[in-house]
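Novice: Handing you this structure, nothing more for now.
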6 protein chains.
Amino acid sequence: MRPSQRSADQLRAISITRNYTKHAEGSVLIECGDTKVICTASIDEKVPPFLRGKGQGWVTAEYGMLPRSTGSRMDREAARGKQSGRTQEIQRLIGRSLRSVVDLKKLGERTIQIDCDVIQADGGTRTASITGAFVALHDAVSLLLKKELLAASPLTDFVAAISVGVYRGVPVLDLDYAEDSDCDTDMNVVMTGSGGFVEVQGTAEGVPFSRGEMEALLDLAQSGIGQLVAQQKTALGV
Amino acid sequence: MRPSQRSADQLRAISITRNYTKHAEGSVLIECGDTKVICTASIDEKVPPFLRGKGQGWVTAEYGMLPRSTGSRMDREAARGKQSGRTQEIQRLIGRSLRSVVDLKKLGERTIQIDCDVIQADGGTRTASITGAFVALHDAVSLLLKKELLAASPLTDFVAAISVGVYRGVPVLDLDYAEDSDCDTDMNVVMTGSGGFVEVQGTAEGVPFSRGEMEALLDLAQSGIGQLVAQQKTALGV
Amino acid sequence: MRPSQRSADQLRAISITRNYTKHAEGSVLIECGDTKVICTASIDEKVPPFLRGKGQGWVTAEYGMLPRSTGSRMDREAARGKQSGRTQEIQRLIGRSLRSVVDLKKLGERTIQIDCDVIQADGGTRTASITGAFVALHDAVSLLLKKELLAASPLTDFVAAISVGVYRGVPVLDLDYAEDSDCDTDMNVVMTGSGGFVEVQGTAEGVPFSRGEMEALLDLAQSGIGQLVAQQKTALGV
Amino acid sequence: MRPSQRSADQLRAISITRNYTKHAEGSVLIECGDTKVICTASIDEKVPPFLRGKGQGWVTAEYGMLPRSTGSRMDREAARGKQSGRTQEIQRLIGRSLRSVVDLKKLGERTIQIDCDVIQADGGTRTASITGAFVALHDAVSLLLKKELLAASPLTDFVAAISVGVYRGVPVLDLDYAEDSDCDTDMNVVMTGSGGFVEVQGTAEGVPFSRGEMEALLDLAQSGIGQLVAQQKTALGV
Amino acid sequence: MRPSQRSADQLRAISITRNYTKHAEGSVLIECGDTKVICTASIDEKVPPFLRGKGQGWVTAEYGMLPRSTGSRMDREAARGKQSGRTQEIQRLIGRSLRSVVDLKKLGERTIQIDCDVIQADGGTRTASITGAFVALHDAVSLLLKKELLAASPLTDFVAAISVGVYRGVPVLDLDYAEDSDCDTDMNVVMTGSGGFVEVQGTAEGVPFSRGEMEALLDLAQSGIGQLVAQQKTALGV
Amino acid sequence: MRPSQRSADQLRAISITRNYTKHAEGSVLIECGDTKVICTASIDEKVPPFLRGKGQGWVTAEYGMLPRSTGSRMDREAARGKQSGRTQEIQRLIGRSLRSVVDLKKLGERTIQIDCDVIQADGGTRTASITGAFVALHDAVSLLLKKELLAASPLTDFVAAISVGVYRGVPVLDLDYAEDSDCDTDMNVVMTGSGGFVEVQGTAEGVPFSRGEMEALLDLAQSGIGQLVAQQKTALGV
């Protein structure tokens, strides 16, 4: 029995709100149950130094949590003077995941900077960030197309992410915080709309997991990501 | 003529939403026109080292802006590894303003930590933060009272803040970003519900201001803050 | 009764020593009672990146206190690895105040960097810094004129600063440390030689202040700054 | 054809040298082909603050690379003043992997601090670090047993790690640098001696990978880790 | 011919002003020609963590330069966020030098913190700092004796420092900036009042120096330090 | 009697292994008794900003210790976020020492970056670093000559370093850790192959040292460095 009464293969309610704030070229509020993340995409008409003059663009991401997005208040990273290892790991993951569906040559010498800021956390913030950030990225690209700064879209596919885990011995889809704090294995899976794997990151928190459990988790993830990509398409009207 | 068509003494539309996120003891979304700030109050049952054993509590504040809360993206302070001088100045102002209406002895040996995070900026983020943060603080205090951790409220008054300025030669109330970027004098005023001044911070951006202009600005501020405190009371149902 | 036996509207003894150290283009020791600050002005024939190619100059300031300028030793900011919020707030104030009387276009593409270093503190270090720094700035400008690097002075007025406050219920001029630690309201006022307000920063440390108190404080400040500007003129022989 | 002429399922030559330096409680040089890592285990008879008084121990890890362990010199992290996101990600992975085979209650209130320092890099430094660090940890535990500071070993299993990847369309075992720089998918797998999965981290660098490829990679990893655990046992004489 | 017209074995004019600022337990302005350093000694009735409970005291030092103490402005270390290697080297040297004449057991469990702040630099700032800091330390110790916090002085000797160098082939005493910038060898020597060597730090800036030159430099240093200690005694009236 | 049974003028066993790691242009493992340091030289075809366009090259050095190179584990400087004063002092010394035997004009507009990383420490790590680093530098220069990037060697001499000290009243050569922790005077001497002094850094840890002791220490150092330079020549086959 899951604390949320969901069945093992059931996602939380998903809501994707576009144009959530007014300044960014793409701005999305994604809600996965009680997890809420603002994802923005900002276009910058230059590339980082290591790419200058190489005829290609860049997509990168930063991630943050409001100090009281969580049950007990976390220190503000800006005040502590550095980002935690966890934060850096997550923002590297978001960036890699999005770049997997962007043809950087086609993007031209510009950067799309993604910001994912968690305003309320209830498990799965990194996967919600990826799923929401793709929609913000899509909106920013649409703007470039509309302004005729790009002739063709550099997006090669959709991308979304979900967590799966072994909770009290049972493989389940889309862990919320109560499950995440109490599970044996936690796995984050990033996949494209056409079903290719981009990232698989599984960690045994307690008992190591077996090959059989891994197969069951991958099955759940494939099913969940199919649903998420459908929601992205609905939100984008494509 | 103000860019927003408002009259000189007209506030922007204000909205105060309580219980905006679920974890914090007080959580408020304040919207002043297009400026939107999440203000949370977190109760911590200890005090900072400099107050230990002194039989009093503490109220302190931190402030941040999402990188794309603004027209062009700002660097993330957590990634740069330090808070700007402006950020520190603002969070010190918020903390002082709130403490002016708290009897710290009555609060007991605990800290209420305020976080003000701007999700969309259109001028007046520091004053909106103070006005919203007071409501979050009030909710956190109410919770302490309800849980009988406090016998009586340590709040001695209401507190709210507004900006005023000289825009194209005319003293006006509640500057938005378009006015703030183009005004001669910008003044932030913090006042209590009973009409006492807590902070007055006026800066001539261009031409110095006269004593007469200062009087006109203070008049506008007094009027605006009266309206804001009324809105706080409505929101709190008191 | 003020601890120093001064009347409510009486400044401390002021001394302004020009050419205090030998390397800087302007170098002033300002003494306001027991507060002593070395103010230097350094000419740098370039501007910060955000102003390059805009045909204007810049004036900026930094502030520091020697660790044992105070009654009990403060940590050295260079050793702690960062400047406090208070330091940043003060140096931003000094810079803004000086820029209010400089025509940056006329200054040309160069920076005048002000350094204010407190060697002994007894209240009012930020206002003494502004008053002394203007004299150092004036000397640096005179040198540019003498060397014919400037055809006309970019200085449009004098500028000086003073603190006022409500001490034991009485508005008083020029708080020393004993008064500053024990007052209800502390206000720093920056004005030009021709009587315009540049900055007004009033803070209620205890009881909020009334409109009437504010008027009395502004009257005192106007009187005090008149005397300070006269002293600056005497020191500069103009 | 692999650049190294190895067959797809062939590990590089492995060498594990115990007691490599004289001060540490466990000190191992592990060489996997041209990748060379010094792994030390240091016993500290206390635990980090978050574990004090909880009756359990801790195992944690840090990772570094000598600046010229790589083909072109990397900046020294100590000189830059911070560890990169990659470094933090790796040291978190090493720590989690080792803790998966330690009964922290049985370890008692002490910390075993692992340091993995790469003196020559040719791909697979994080997996070599895990494999070598386990041997250093085993030696440190043996010393605690020998000194009768522990009555029974807190180690519950062996743990080792290997990389696998899809190189030019073919799943291969144990990527060296030439392969790693030019592969489509890179996956790091950490397993226990008894065959449970501790970590699976797969990343598509280019084309997303299919479920079938993932199965082939996991097969290779299982085979490789079996061989590595055998080498650990030989080195330890158990 | 020395730029300053001094003979090879001639010190610059020395001036030692005690009680230079009012807050510190010892406060000295030392002037060696145009080099001017404020040296303060602050008593702190505790010791750093590594000495707690060991029944001994500590003497430590920090060093700084005002940004415009030099011919061209240096960055402020507090603003850059770290002390340079040179600064750290100098403050370690000052601390070691002073500790060489203090019986730390006799000092008791307290720290004397020395601060040396250069307000004008013309070569020899580190040696002037040591010579001046000893006088400040002596004053702080006298205060402890006078207050009967110490029964007997923990000072075992005097200590002073001077630079010597090979300037245009000639060994000379007490290098000023013009000589220091243009010499082949620069040596800082710290000696006790009774003639023992505490530190000798010689560096060939250009041509290596011979054993014969070293002997000549040590002779000059011994002579110079004798004069400095005499000046310290005169200043202290002992 | 020295703890190591060596005679007062006896060096520890020295071993110099060239080509120790495969990537660097010069890579040396130097072992002085139980002190082991990896010294690499990396060629970078540009110079630091302060030398751009001046027609000369640069040689600089960085130094580090593996956390468990010592008897008890030291904090990792990269994790603490800064290099200690000691580290900076040592790397500045290594850089100055090597530059004393390089004609920077002849080197051309390139940098040779030296890294000295201590993998096992038993006293004398800074002097071993200099002696080993010279051999790595020599190898890097030989590579530049072989590749005809340089027409003639910019090396003007050999350079090596050794520590000497007064141990239990007796001047001795080449202190190991046991002696270094328990000596009255510790002196590091850097000399060229032709016998010129480059650096002399003597510190009295306890009792100040006399002129006679200094002479004896310099004699020992001269003898030791002669032997080290011979070993460098043997290792280089020159």
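One-based numbering along the chain as shown.
Using the three backbone atoms N, Cα and C, a Cβ is placed for every residue, glycine included.
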Novice: Pick the one from F:R86, F:R99, F:R168 that TrEMBL also lists for the phosphate site with F:G124, F:T125, F:R126.
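Specialist: According to TrEMBL, the candidate sharing the phosphate site with F:G124, F:T125, F:R126 is F:R86.
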Novice: Would you say which of the binding-site residues F:R86, F:R126 has the most Cβ atoms within 10 Å of its own Cβ?
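Specialist: Checking each of F:R86, F:R126, the winner is F:R126.
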Novice: Can you give me the same-chain residues 6 or more apart in sequence from F:G124 (phosphate binding site) with a CB-CB distance under 8 Å?
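Specialist: Residues satisfying the criterion: F:C32, F:T35, F:I162, F:S163, F:D174, F:L175, F:D176, F:D180.
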Novice: Specify the count of other C-beta atoms within 10 Å of the C-beta of F:T125 (phosphate binding site).
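Specialist: A count of 23.
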Novice: Using DSSP and collapsing to three states, where does F:R126 (phosphate binding site) fall: helix, strand or coil?
Specialist: helix
Novice: Reported in the order helix, strand, coil, what are the DSSP residue counts of the domain 'Exoribonuclease phosphorolytic' (F:10-140)?
Specialist: 42 helix, 41 strand, 48 coil
Novice: In Å, how long is the longest CA to CA span across F:R86, F:G124, F:T125, F:R126, which the record gives as the phosphate binders?
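Specialist: So the binding residues stretch over 13 Å, Cα to Cα.
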Novice: Starting from the phosphate site formed by F:R86, F:G124, F:T125, F:R126, give every other residue of that chain whose CB sits within 8 Å of the mean position of their CB atoms, in sequence order.
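Specialist: Leaving out the recorded residues gives F:Y63, F:I90, F:V118, F:A121, F:G123, F:T127, F:A128, F:S129.
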Novice: As a quick check of your reading of DSSP, tell me how many residues in the domain 'Exoribonuclease phosphorolytic' (F:157-223) are helical, how many are strand and how many are coil.
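Specialist: Each residue of the domain 'Exoribonuclease phosphorolytic' (F:157-223) counted once, the result is 17 helix, 30 strand, 20 coil.
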